[in-house]
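This report refers to the structure that appears directly beneath it.
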Amino acid sequence: MNSLAPVITIDGPSGSGKGTVAGLLARELGWKLLDSGALYRLLAFNASNHGVDLTNEELLTKLAAHLDVQFIAAEPGKLQQIILEGEDVSNVIRTETVGAGASMVASLPAVRDALLVRQREFRDVPGLIADGRDMGTVVFPDAPLKVFLTASAEERARRRYLQLKGKGEDVSLSSLLDEIRARDERDTQRAVAPLKPAADAIQLDSTELSIEQVLQRIRSEIAQRDLA
């Protein structure tokens with residue numbers, strides 16, 4: 001960790017495009033990448049691999065503090081790589097089983113505290129792009145550039161629908177919209193680190209913007225701050 005390394009935080013709700021933007025930006029700048037949303041899945045997956053019960057807060061906290069993980073920004077149009085203990089786990093951590101485990105470990109306060117420390121350890125030269133829901137408000141409140149990326153629930157549901165259909169999955173647009181609205185409510189109303197823009201965040205609505213247009217807006221903010 002290098003506490004002097006610059007950080008650009010990209011927060012926002014599910015389906016806003018923050019993960020895609022963060023990955024492309026990290027690759028473009030040659031900076032480190034943190035996909036904070038994947039950490040709970042990684043912890044649940046790692047715990048299962050090591051035979052640790054998902055209710056054992058003490059052992060989970062130790063695992064969280066020493067997660068050996070690396071995020072590799074992908075080329076345009078491809079998924080980022082997530083390397084855990086030297087193994088590419090990009091696809092296996094996206095299963096429903098791992099997702100359910102992630103929800104269990106995320107409810108444990110000591111685990112959340114340990115992962116907060118672990119997230120801050122990703123800060124290193126030449127810089128870090130941190131993608132999540134509370135990067136600018138909780139994890140890196142001193143970041144020189146904070147972006148809050150959003151889009152209408154309808155547009156986010158449409159994007160998810162096209163993504164899943166492209167994988168051959170049989171999905172309903174209306175059910176996806178219901179899921180996104182329900183998740184938005186949970187994320188914004190939760191007691192710990194609710195989803196909200198930092199007071200000094202640049203807010204971007206990507207509903208009618210392409211990924212390249214969003215990137216161009218962020219590049220402009222980077223140039224104004226002389227960050228890269």
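In case you wondered, yes, glycine gets a Cβ from its N, Cα and C as well.
Sequence annotations record features per position, and here Swiss-Prot assigns ATP binding site to G12, P13, S14, G15, S16, G17, K18, G19, T20.
Listed in sequence order, the residues of the same chain lying 6 or more apart from S16 (ATP binding site) and placing their CB within less than 8 Å of its CB are L149, T150, A151, R156, S206. Neighbour counts of Cβ atoms within 10 Å were taken for the binding-site residues S14, T20; the minimum is at S14. The Cβ of K18 (ATP binding site) has I10, D11, G12, D131, G132, L149 as same-chain neighbours under 8 Å, each 6 or more residues away in sequence. Sequence-ordered, the extra residues of this chain that approach the ATP site, with Cβ no more than 8 Å from the Cβ center of G12, P13, S14, G15, S16, G17, K18, G19, T20, are V21, L149, T150, A151, R156.
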